[in-house]
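Report on the structure given below.
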Amino acid sequence: MENVWQEAQANLKKVLTGQTYTTWIDPLKFLEATSDTIVLEAPSAFVQQWVTEKYLSMVKEAISAVTAKSYQVEFRIAEPKPEPSPQPKEEEVEAAPPKAKEKKAEYVPNLNPKYTFESFVCGASNQFAYAASQAVANKPATNYNPLFIYGGVGLGKTHLVHAIGNQILKKNPKAKICYYSSEKFMNEMINSLRYKKMDEFRNKFRKVDLLLIDDIQFMAGKEATQEEFFHTFNALYDSHKQIVITSDKFPKDIPGLEERLRSRFEWGLIADIQPPDIETKVAILKKKSDMHSVNLPDDVALFLAAGATNNIRELEGMLIRLEAFASLTGNEINLGMAREVMKDIIVEKTKEITVEMIQKQVAEHFRIKLSELKSDKRVKTLVVPRQIAIYICRELTKSSYPEIGEKFGGKDHSTIIHSVKKIEKQLAADSEFRGTVEEIKKKLFT
Ligand code: ADP
Ligand code: MG
């Protein structure tokens, strides 16, 4: 059966463009077959999903053309190849355990170097926490001790505490900085208790210059952990060391947090992070795409921002998916592609864009009447807006050429195609014109 698949692939190669074939079909490997099913291996879940959505019926047809019989096609995802040198990931960065022999390596700071102030976008929603973090990084243990940052999931708390650590480390590479999630603090404490190494555990924390404790809410209800942390806190505070704590809630709202800890958290400064507004989300997307050296047009950034939840991690996930798609297909990112790639993710959140909405927006933008936009008048001030409107309809709605023609006063199919081609050409040649079209599309999403 393996040669059946090879033949089917050869047939697909004839009908698909080179790029499509190499990206999606060529990497599919034959694994096994039963009397009615062929199992193929896909290199990633992404490829599998894409092929299933787009090319499954073609693949099935190609197989039945070879076998004269219809087969089901199933996919299995290839085992990931081990990465040569895995990079530690955000919170998973583990503290290098202090090794008795290597004295120097006792405080390897377990900070994620990517989480800096420079890579953090400051907007209205996080401005207070950002400013407070910078103040602490510039003058630790002076004004705001402890600094308590609270806010919902994925709003940048972990990023900010690492940024504080990285900034202090930049100025003083010998600073002893310790980043711990409260869960890890608890697990290590339990282990230390079990192996009778509590002294070691205590000493380790009490010698640091900066203690960053992430997600303190996990200590809720864990009395022994809170007790231990209380002593650690006091020891550091008394010796004028900076403490930074994050939580998903305001101290008073963490159930099962002991009063004495709660009141200490309120000694310093409490700063909140609010969900980002749409401008901040756009700015974050732009910054991240710049960092990846990817061109993300404004209208696409706005489309993603408008469709995303407030969780910035999810927003980043969308961007990565889109970038992966663009790079796998060898195309530039554009709005049509973004809508296609995000269609299962953004589904309900994106409002359906209709021909009528586009006509209205374009007419408003160029300050012309709707009736003029749809008319046959051949003056330039009307022709260009009309062609732009037609182009956007083709890009953003599911309407066919005849359907669009119908809604533009009964124009024929070739006029519509001509308009689309005309605009495509001008978009490719003229960046100011591109800006105008993006501007109109942006308004459609807000
Ligand atoms: P939290 O700890 O609040 O759950 P994180 O700090 O882990 O959130 O942030 C989630 C992701 O979003 C991280 O990759 C982080 O870099 C990114 N992020 C959050 N806020 C911002 C921001 N203002 N600017 C840039 N990236 C951000
Ligand atoms: Mg976090």
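Cβ atoms are placed via backbone N, Cα and C, with glycine included.
What TrEMBL records for 1-91 is region 'Domain I, interacts with DnaA modulators'.
Taken from TrEMBL, the feature region 'Disordered' covers 79-101.
What TrEMBL lists as region 'Domain III, AAA+ region' is 110-326.
Taken from TrEMBL, the feature domain 'AAA+ ATPase' covers 143-271.
Among the features that TrEMBL reports, ATP binding site is placed at Gly154, Gly156, Lys157, Thr158. The number of other CB atoms found within 10 A of the CB of Thr158 (ATP binding site), across every protein chain shown, is 21.
Positions annotated as region 'Domain IV, binds dsDNA' by TrEMBL: 327-446. Counted with DSSP, the region 'Domain IV, binds dsDNA' (327-446) comes out as 83 helix, 0 strand, 37 coil.
Mean model confidence of the domain 'Chromosomal replication initiator DnaA C-terminal' (354-423) amounts to 94 (pLDDT, 0 to 100 scale). For 354-423, the entry in TrEMBL reads domain 'Chromosomal replication initiator DnaA C-terminal'.
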DSSP three-state assignment for Gly156 (ATP binding site): coil
Among Gly154, Gly156, the most crowded of the binding-site residues [Cβ within 10 Å]: Gly156
Per-state residue totals over the region 'Domain I, interacts with DnaA modulators' (1-91) - DSSP helix, strand, coil: 46 helix, 17 strand, 28 coil
Structural state census, the domain 'AAA+ ATPase' (143-271) (DSSP three-state): 67 helix, 24 strand, 38 coil
